[in-house]
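According to Swiss-Prot, the features are:
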- 1-26: signal peptide (SIGNAL)
- ASN25: N-linked glycosylation site (CARBOHYD)
- 27-232: topological domain 'Extracellular' (TOPO_DOM)
- ASN50: N-linked glycosylation site (CARBOHYD)
- CYS155-CYS169: disulfide bond (DISULFID)
- 318-445: topological domain 'Cytoplasmic' (TOPO_DOM)
Amino acid sequence: MRTNRLSWILVLSVVIFLVIINTINASDDEERLMVDVFRGYNSLIQPVRNSSELPLIVKMALQLVLLINVDEKDQVMHTNVWLTLQWHDFQMKWNPVNYGEIKQIRVSPDKVWLPDIVLFNNADGNYEVSFMCNVVINHKGDMLWVPPAIYKSSCIIDVEFFPFDEQVCTLVFGSWTYNENEIKLEFVQAELVDVSEYSASSIWDVIDVPASLVNKRSRIEFQVRIRRKTLFYTVVLIIPTVLMAFLSMAVFFLPTDSGEKITLTISVLLSIVVFLLLVSKILPPTSSTIPLMAKYLLLTFVLNVITILVTVIIINVYFRGPRTHRMPQWVRVVFLQFLPKLVCMKRPKSASERSAVRSGMAQLPGVGQFTLSPSAHHPLCPSADDRTTTIRNTASNETSAYYPLSTDALRAIDAIEYITEHLKRDEQHKSFRDDWKYVAMIIDRLLLYVFFGITVGGTCGILFSAPHVFQRIDQQEMLDRLKEKYDTASNIP
């Protein structure tokens, strides 16, 4: 039993010893390889034997990891990417057999020559990568460097269809000191941006990611085509603005004598000003085009200002009277006869018209039999017709023996005549005022229809003029399609 235990301990010790020996040998081989490879190596010299090997081919790829932010006001795109750079260094070659079958090594980037590929259109002054990772070198002299980077690149923002806008932002890479005769750029695989590790943004959808070589293959342009997700702006900006546009028409429903017409229009106007300030803070102050949302807010603002002016005119018309204004005949024809039929309004009958109807009803058969005859009146209480005749006769002959009246009675009759004339005049003035009020009501109803048509037409014409209003994008499906496109292009020789 004790012999078996000692045997296991001996075997385990031998295995551990061999592992340590192999590790030491591997470390020795790699250290020896590093010494041999970098003996006489100068990292400042471009890795070409002579000028006949120029230009040096540098292969490049870009992998989009995260779209951090797109600042519309400052016109800057903030991205997290992985760069891939490949080139050949003839000095970095060795035979793996001589170095323990080591086929690749990793070295610090300051030990080898690196192509000075920088982002040309950076927006923060940081041209280089943010983390200097190791360079992977294989035994054939092929160099691979995959540094991560966070870039802020300039991006010209097209705000014409905001918030239904698409943007095309470009990242331009190239050598800072070498010209097109010294370095040529190529793609590692496909002429696309790799989105296999991309994390979807909550604000933007990635539509396409093409790439191209420009300036005699001395630069590479990677394009990121993105489309804004509109749910947030629809709820926060578009729907309230549309509701305010239609709310401004409610002023034509309010009675003019309520005194709230101007209050409502001013309140809506102030709300529109607040939304205009909100849009101006989001978008860049460009003069090349007017944003879609700004156009709609401007239309609503202008309509509201016109509503205020028209409301003032309507209030002025509503409170006109016969002592200050006389209604022209054309106004009476247009606003009291023609337009009521056009806007489907019917004027209620006045008190005098209702009296005329009642008096007409008195002439119907069977109604006149209840009318008292003049002979039914008491001699001292004559009928209205007899009273008129009596008054006239009394004026010419005060000693009429037929109907003798006292002086007080004559004064009372004069007072009644004065009151009657005054009531008739008031009724006539009231009729004139009612005509002006009805004209104001007609203008209210007509402008309600006109402004409703303009608001509906403006809303549909402006908001629906964007080319992608009703298009919904499945971001995951789009990314899968771009990945498949990238893999297909990579497999093409």
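Note: Cβ is positioned from N, Cα and C throughout, glycine not excepted.
Mapped onto this structure are the features recorded in Swiss-Prot.
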residue	record	CB count, 10 Å
ASN50	N-linked glycosylation site	6
CYS155	disulfide bond	24
CYS169	disulfide bond	22
Item to check | Segment confidence, the topological domain 'Cytoplasmic' (318-445), expressed as mean pLDDT | outcome: 66
Checklist entry - Which three-state DSSP class does CYS169 (disulfide bond) fall into? => result strand
Checklist entry - Any idea what the Cα distance is from CYS155 (disulfide bond) over to ASN50 (N-linked glycosylation site), rounded to a whole Å? => result 40
